[in-house]
Amino acid sequence: MENVPSLRERNIALIGFMGVGKTTIGERLSKKLYRDFVDIDKVIEEKYGMEVSEIFRTKGEEEFRRIEREISIDYCKNKRLKILSLGGGAYTQDEIREACMEYCIVISLDLTWDSWKDRLSLIIDNRPVLHNKSMEEIEELFQKRQSTYNLNSFQVKTDSMNEEEVADEIVSLLKLGWEWYQPYIVD
Ligand SMILES: Nc1ncnc2c1ncn2[C@@H]1O[C@H](COP(=O)(O)OP(=O)(O)OP(=O)(O)O)[C@@H](O)[C@H]1O
Ligand SMILES: O=C(O)C1=C[C@@H](O)[C@@H](O)[C@H](O)C1
Ligand SMILES: [Mg+2]
């Protein structure tokens, strides 16, 4: 393993289905932990100068996945102390998942289908993967991805928490882990 960061230096990678709150909670978390926040979807949009849905339409999903892989792995491996919000499909790519596991602390924002379905209208516009799908098809994709999000991640169940509470819960979880596994030693 090359250049593996210490536990305290590791990026925090937020994963989970579209709309579970990776961007919103990532921004709050970055303020609470005094770290920079990076939204990988935004990095891709800036690189192409277009929104994700336009990239899908003009370049195709395969090209989006290729650049998502390149950028996600680059941030996991070569940056430190960041809060990363990955794209909702990123963790389903084996190479991205492996980079996350090796270089980041991975936190899965876990929402039940019953709570998630009320969020659909808030997010659908710039989520091309959800376009032209019935509610049954979206639920099938949602359920199919859950087992992947659970691989080698800490799961935070967010159904009964608002954005602030979720961010606070993650801070507590991280502090506990850092103190437990890599306490600061004071002489
Ligand atoms: N814990 C929460 N309680 C209530 N609403 C929430 C919570 N977390 C996020 N939201 C709302 O859900 C919507 C989607 O959140 P957000 O854009 O952060 O999701 P995301 O995981 O980044 O999605 P994507 O993968 O598609 O980028 C936003 O309108 C946000 O305000
Ligand atoms: O879940 C997905 O496959 C996606 C989620 C978004 O974050 C974007 O990365 C894109 O819309 C694809
Ligand atoms: Mg997002």
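Just so it is clear, glycine is given a Cβ too, placed from its N, Cα and C backbone atoms.
Cross-referencing Arg97, Arg127 against the ATP binding annotation in TrEMBL, which names Gly19, Val20, Gly21, Lys22, Thr23, Thr24, picks out Arg127. Between the candidates Gly88, Gly177, TrEMBL assigns the substrate site shared with Asp41, Arg65, Arg145 to Gly88.
Taking every protein chain shown into account, Lys22, Arg65, Arg145 are the binding-site residues, and of these the Cβ with the most other Cβ atoms within 10 Å belongs to Lys22.
Within 10 Å of Val20 (ATP binding site), counting C-alpha to C-alpha distances, fall none of the binding-site residues Asp41, Arg65, Arg145. If you take the Cα of Thr24 (ATP binding site) and the Cα of Gly88 (substrate binding site), they are about 13 angstrom apart, rounded to a whole number.
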